[in-house]
Amino acid sequence: TFTSLRISSLHRHVKTHSDEKSHVCHLCLKAFRTATLLHNHLNVHTGTRPYKCSDCDMAFVTRGELSRHRRYKHTLEKPFKCSLCKYSSVEASKMKRHVRSHTGERPYACELCSYASKDAYKLKRHMITHSGEKPYECYVCQAKFTQSGTMKIHMLQKHGENVPKYKCPHCSAFIARKSDLGVHLRNLHSYMAVAIKCSYCEAVFHERYALIQHKKTHRNEKRFKCDQCSYACKQEQHLIVHKQTHTTEKPFACLCCSKTFQQKELLTLHSRKHHDSNIKPTVYECPKCGKGCSLW
C-alpha cells in the first residue's frame, strides 16, 4: 500500500500503474511516464552528471544511481530484506526478483513460445533466440553471439590471456589494466564543468563520451545542402563539385589542348582518353549478344 504526505508524490506513484508514456525525448523519441524520468534521460544525451558522490570523485545521471553507488562502494548497506529467508539486497528490483524464487511467479512470458521468466532481462535475452540477432561481439576477433555468457566463454577459450579484464561501468569498453581503466574514466567519463558543443549542431555535453556517441548520429546525415536544388551530401567537397553543375564556369583546363571542364575528374578522364597513348579503355562485353563497349 502506497501512502504519502504530498499529493505530487501520489500523482507520480499513480503513473507507475499506467502504460501511458506522454513525455517524449526530442533527441531520440524515447518516451517516459513522468517528466522526472525524461529529465534524467536527457542527462544521458548531454553527459550531465549532477549527482556527485561525497566520498569519491564519481558523479551520476540520477539520484538513484548515486544511492546504489554509495551502497555498493561505501556504506555496504543492504536495506531491502527478504521476510522468508536471510537474503538482503542493495536494490528493491533485486529483492522483487528474489521473492519470485520463493513464490515461483514468472510474470514475463514469451509471446512466441512457452518460455516465462521472473526477470525482464532474461526474457529480453530469450527473445534473441527467436530473432537470430547477435548483439554481443568479441572484442578480440569480432565474432558475434546471441548471449553475453556464450561470448565470455568464447573469449576465455579462444583468447586466454589476451582477454581484457576490466570493464568500464559507463560504456562497453573492456580494458586490460586497472590503471588504463582509470585513464579511460578520466578522459571519457569525468564530468566537465565547461560543456563542449557539438561541431555539427547546437547540442552541448559535459562528458566527452556522450559527445562522441552523439556525433555518431550525424554520420549518415546529408548536412551539406545545395541552395539551388534539392541535392544534399555528407561531405562539403562533394557539394562544391556539385555546385559547379549550376554554373558555366569551367576552371579545369587541359594543358595539352586547352579544353576546359567543370570537374577535375572530367579533366583527368579527358587527358587519359585523348593524350595518354599507354592507356587502353576497358571493354565490357554484353553477356547476351557479345557486343563490346567501353565507358569512353
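Residue numbering: from 1, along the chain as shown.
Glycine is treated like the rest: Cβ placed from N, Cα and C.
TrEMBL lists 23-50 (among others) with the feature domain 'C2H2-type'. Helix, strand and coil counts from DSSP across the domain 'C2H2-type' (23-50) read 12 helix, 4 strand, 12 coil.
Under the heading domain 'C2H2-type', TrEMBL lists 51-79 (among others). Only residues 6 or more beyond the boundaries of the domain 'C2H2-type' (51-79), in the same chain, are considered here, and those with a CB under 8 A from a CB of the stretch are 40, 43-44, 88-91, 190-191.
Each residue in the domain 'C2H2-type' (80-107) gets a DSSP state, and the totals come to 12 helix, 4 strand, 12 coil. What TrEMBL lists as domain 'C2H2-type' is 80-107 (among others).
What TrEMBL lists as domain 'C2H2-type' is 108-135 (among others). Per DSSP, the domain 'C2H2-type' (108-135) is made up of 12 helix, 4 strand, 12 coil.
The residues of the domain 'C2H2-type' (136-164), classed with DSSP into helix (H, G, I), strand (E, B) and coil, number 15 helix, 4 strand, 10 coil. If you look up TrEMBL, you'll see 136-164 (among others) marked as domain 'C2H2-type'.
Within the model, the domain 'C2H2-type' (166-190) carries an average pLDDT of 80. As annotated by TrEMBL, domain 'C2H2-type' applies to 166-190 (among others).
Tertiary neighbourhood of the domain 'C2H2-type' (196-223): same-chain residues 27, 44-49, 170-171, 187-190, 232-234, selected by CB-CB distance under 8 Å and a gap of 6+ residues from either end. According to TrEMBL, the feature domain 'C2H2-type' maps to 196-223 (among others).
According to TrEMBL, the domain 'C2H2-type' annotation covers 224-251 (among others).
Under DSSP, residues within the domain 'C2H2-type' (252-279) fall into helix, strand and coil as 12 helix, 4 strand, 12 coil. The domain 'C2H2-type' annotation in TrEMBL covers 252-279 (among others).
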